[in-house]
Each structure stands twice: as C-alpha cells, then as structure tokens.
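J.: Once you've had a glance at the structure underneath, I'll fire off some questions.
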Amino acid sequence: MAKAKFERTKPHVNIGTIGHVDHGKTTTTAAITKVLHDTYPEQNKAFAYDAIDKAPEEKERGITINISHVEYETEKRHYAHVDAPGHADYIKNMITGAAQMDGAILVVAATDGPMPQTREHVLLARQVGVPYILVALNKCDMVDDEELLELVEMEVRELLAEQDYDEEAPVVPISALGALDGDQKWVDSILELMKACDESIPDPERETDKPFLMPVEDIFTITGRGTVVTGRVERGVLNLNDEVEILGIREKSTKTTVTSIEMFNKLLDTAEAGDNAALLLRGLKREDVERGQIIAKPGAYTPHTEFEGSVYVLSKDEGGRHTPFFDNYRPQFYFRTTDVTGVVTLPEGTDMVMPGDNVEMSVKLIQPVAMDEGLRFAIREGGRTVGAGRVTKINK
C-alpha cells in the first residue's frame, strides 16, 4: 500500500487526554505517538511513557503545573497534544489555560467504568469550554465480556449527555499497552481512535476569523501626528482607515479611525491576530485612552461588571495566600493588561475558600471590562497572583 502523501499545510488542532487517575491517559498518549511514528515515520516522533509522565514543570501566570506537550500528524491534521499526569495538574491546566483544547480524548478503563474523576474532568471541560469530547475505552484486552463493555459505554454516554456533550460521540475500544507491545489488533485500535479524532473533532475557529480586538498596553503622543496605542492583537484583522471603538474601564466608549498601522517601525496596511502593533488614532488626546481598555471593531464587544467565574486558588507553596478568604473578599481581577477591583460572592453553602481549592464565584467589578465567556483572568493582591480563573457566565 502506497504511503499517503502528507500535506505541509494541514489544519492544526489542540487536543488532550483527560480522565480518572490510572485509567491510562499517559499510556494512551504514548501509544498514539508510537503507532503514528510506525505508520508515518517521517512526520512523527515516538514518545516513551516516561518522557511524557515526567513532564517538566511549567509556570503559567505564576502557577506551577506539570504538563507534557507532544505533537503528531495524521493524514488530515497536525495535532498538539497535552497530557497532565496529576489530577491537580489537570485542574490547574484547565482553569489557567496553560493549554487550550479544541477537543479532548476521555480515557475510561473498561475494567472500571467511569469513576469520580472521570465525571469531574468532563464537568470541568464543560466549564472551561472544551468544545468536543470523544472516548477511548482503554484496557479492553482485559475484558472478555461484551455485555460489560456495552454497559460501560452506556454509562460513559450518559455522562457526556449530562454535560451537554455529543452523546453519539465515538467510543473507541483500545488497549494502549497492547498497542505499545505491537499487537496488531490494538495497533489498529489506536489508528481507529485517531481517525475518530480527525472526523469528529471540529476544525477550530481561527482567531483571525473573529471580530478585531486589541488590548491597550501603552499610549504615547507623537507631536504633530496624534495619539498612538500599542498592544498585541488578540483577535481578528484590522485594515488601515478602519473605524474602531475604544471600550472598557470607563463609562462611555469612544469611536475613532486608525490612520496608521506600524509594526517594528514599518508601515503596514493590516494588522492581524498575533501581531504586536502600534496604531495611530485620529483626533484622540493622550488622556482619552488608558491601559486596560480595548480597541475593537465597533459593536462587536460589550463591557460588563458582573460575571461568574471558575477559579483555582493558589496554595501557600505556590506563592498564594496563607489563609482562607470569605464572602465579600475584594481582590484585584487582572484582565488582559490591567487590574480592576471586584467583590466576590461565594456560592451558597460555601463559607470560605482555602488556598489550593477550586471554586465557582460571582464577581462584581467596580469598572466595566470588555469580556465574553471563556476570558481568563488572574486574581491579585498587591500585584501578587493568588488565583487564576475564567469567566463562565456573564450576568450584567
């Protein structure tokens, strides 16, 4: 059989393994890299279990997370795959967004069925906006009973449905160890799993396709020319002479026109997501704009003051608080480029939150911030990060 020709311009998808401890997340990751390496050697490196399991520590917004990144290619796509070995690491990663996932492989051991962490991981995936989950039913080499497999599959589908995931998602029976040992039946099961990823996980929406948004980092005046703002374009594309809206932090938003776009001292016609750009804004004074506001396509974004968030509170060892906090806690919420004070309301029945906990909270900010669901923030006290979270719902 002729090897499939690989295209260099394949769509890129971020993916990860989630599921209960000891159900085989890391072994599954290792099996995927080995099987793809054996199938398409030019495009893929094999990663051994140990290399993935002993993940280097990463710092994301001041939080230390053990997380492993591997990459691989199928015929259709290029994947970046994250595997967070520990349960606490997984939670921290999901909430701080050290790695965004476009889809997840939920690993469930056929010998156990769904366990408490399986449920918790699916719930968290829903809260933090992982768009799609499919299932690798692992350790199938250890189960001879077809009825038992069907039962486990049913339970997993119920669990997905509970969190509004696709109840009809692929559930692929695999044996990660069998595949690593080279047993052809299980090697094929991993190829089947990857085919399911290719076909079921939707192509991610690219940041450039969304309406233009750039957080303001710096402002300065160029004598005789006007006010320039700089920042990194977060979303969309901006063209020269486009009308933009400046919003957030202040009561009213302002409209203006971009009369020049510069990057690395070169004049450009456009700036797009990922670019560090300097924009010259027509008719604006230095005091008309401040750090923490956003420059955006008019009407595309709205500032809000009240929201709900999913938050991980740093432990003392991570440089967080040494003591719990209570209802009406008033820290700073750091969105994009600035701190805004907010008042915290804890959920009913929660009297206090300990360092190291994760919690759902309602927040009322004293100044509006342009936000939508999924926006990440840090919680700070005097410039020190004590928590990390993301917006799960906007209330006002």
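Glycine is no exception: its Cβ is also placed from the backbone N, Cα and C atoms.
Quick paste from Swiss-Prot:
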- 10-205: domain 'tr-type G' (DOMAIN)
- 19-26, 83-87, 138-141: GTP binding site (BINDING)
- 19-26: region 'G1' (REGION)
- T26: Mg(2+) binding site (BINDING)
- 62-66: region 'G2' (REGION)
- 83-86: region 'G3' (REGION)
- 138-141: region 'G4' (REGION)
J.: Could you check what DSSP calls D22 (GTP binding site) once collapsed to helix, strand or coil?
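T.: The residue in question, D22 (GTP binding site), is coil (DSSP, three-state).
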J.: By the count of other Cβ atoms within 10 Å, pick out the sparsest of the binding-site residues K25, H87.
T.: H87
J.: Would you list the DSSP helix, strand and coil counts for the residues of the region 'G4' (138-141)?
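T.: Helix, strand, coil within the region 'G4' (138-141): 2 helix, 1 strand, 1 coil.
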J.: Using a 10 Å cut-off between Cα atoms, which of these binding-site residues sit near T26 (Mg(2+) binding site): A84, H87, C140?
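T.: Cα within 10 Å of T26 (Mg(2+) binding site): A84.
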J.: Give the three-state DSSP assignment (helix, strand or coil) for H87 (GTP binding site).
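T.: Where H87 (GTP binding site) sits, the three-state DSSP reduction gives helix.
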J.: Among all protein chains shown, how many Cβ atoms are found within 10 Å of the Cβ of G19 (GTP binding site), not counting that one?
T.: 25
J.: Across the region 'G2' (62-66), what does the pLDDT come to on average, as a whole number?
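T.: Mean pLDDT for the region 'G2' (62-66): 66.
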